[in-house]
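Here is what Swiss-Prot records for this protein:
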TRANSMEM  24-44  transmembrane segment
TRANSMEM  59-79  transmembrane segment
TRANSMEM  102-122  transmembrane segment
TRANSMEM  129-149  transmembrane segment
TRANSMEM  180-200  transmembrane segment
TRANSMEM  208-228  transmembrane segment
TRANSMEM  244-264  transmembrane segment
Amino acid sequence: MEWNYLYNHFDPVAFDLWGLKVHWYGIAYVLALLVALWVAKWIAKKDAYPLSNEQLESYFIWVEVGVILGARLGYILFYDPFTAYYLTHPWQIFNPFQNGEFIGIRGMSYHGAVIGFLIASFLFAQRHGVKFWMLMDLVGISVPLGYVFGRIGNFLNQELIGRVTEVPWGIYVAGVLRHPSQLYEAFLEGIVLFVILYAWRSRVKFTGQLGIMYLILYALARFVAEFWREPDAQIGYLVGGVTMGQLLSLAMAIPCLVLWGYLAKKERGKIL
């Protein structure tokens, strides 16, 4: 079986469970969460974070709810062409059925997930008396490896496809050779970010630096990866050939840079 024709021989459905189709994407998503939690526990123990495994497990449940809500709502607001419909029919936003058939919840936005994650993290920190910025540092270094599985899930689900190409490692999608952009993102936004953040741990100057650094680096990696990724059909290219993903990444990076400067200045003030 040739790599270029992988999709012709691959079924995105892993197996049926009592009539319910379980997709490889769903399995990859669960693995992403478990890997991120495992890395968080490992780093928390290695770097002596004042958090127990029970607290981390509880925190990840909060975060998972926030991520799902934020990702879905973010997609509706940023990408979906039927935003007005969903705003007037909010009960349809999380409806996993279509014409009586279970199709799961489709349409998620990373940038919306970040917003949901931040809100859930803030509420958890307030509820349990945990430092918010400490959580950001821990998550910033634990998310990237889990993210790798998320993008692999996108690849197996044949979604978020790449742009048309002639490179020998391209993959045919509906008869058209395209970049396997999901795998590029898994490498850039996952593996590369983890290596950088892991190495930076010993150089941290203020609490929250790793968390903010992750968002800035992700925005940069995503901006670059978008040049290989096909823009959403319902949106296409924006002004100057920029994609919605690139625009949202810039919108995320700019306030993060400002926040970095503010927290760094605040820390220097403590030292002086």
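Backbone N, Cα and C atoms are what each Cβ position is placed from, and that goes for glycine too.
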>> What residues elsewhere in the chain lie close to the transmembrane segment (180-200), defined as a C-beta under 8 angstroms and at least 6 residues from its ends?
In response: 140-141, 144-145, 147-148, 150-152, 154-155, 159-163, 169-171, 210, 213-214, 217-218, 221-222, 224-225, 228-230
>> If we skip the immediate neighbours and take only residues 6+ beyond the ends of the transmembrane segment (244-264), which ones have a Cβ under 8 Å from one of its Cβ atoms?
In response: 78-79, 109, 111, 114, 133, 205-209, 212-213, 215-216, 218-220, 222-223, 226, 229, 231-232, 235, 238
> Do the transmembrane segment (24-44) and the transmembrane segment (129-149) come close, with at least three CB pairs under 8 A (pairs 6 or more apart in sequence)?
Replying inline: yes
> Where else in the chain does the transmembrane segment (59-79) make close Cβ contacts, counting only residues six or more beyond its ends and a cut-off under 8 Å?
Replying inline: 33, 36-37, 40, 51, 86-87, 93-94, 105, 107-121, 123-124, 128, 130, 135, 139, 232, 234-235, 244, 248
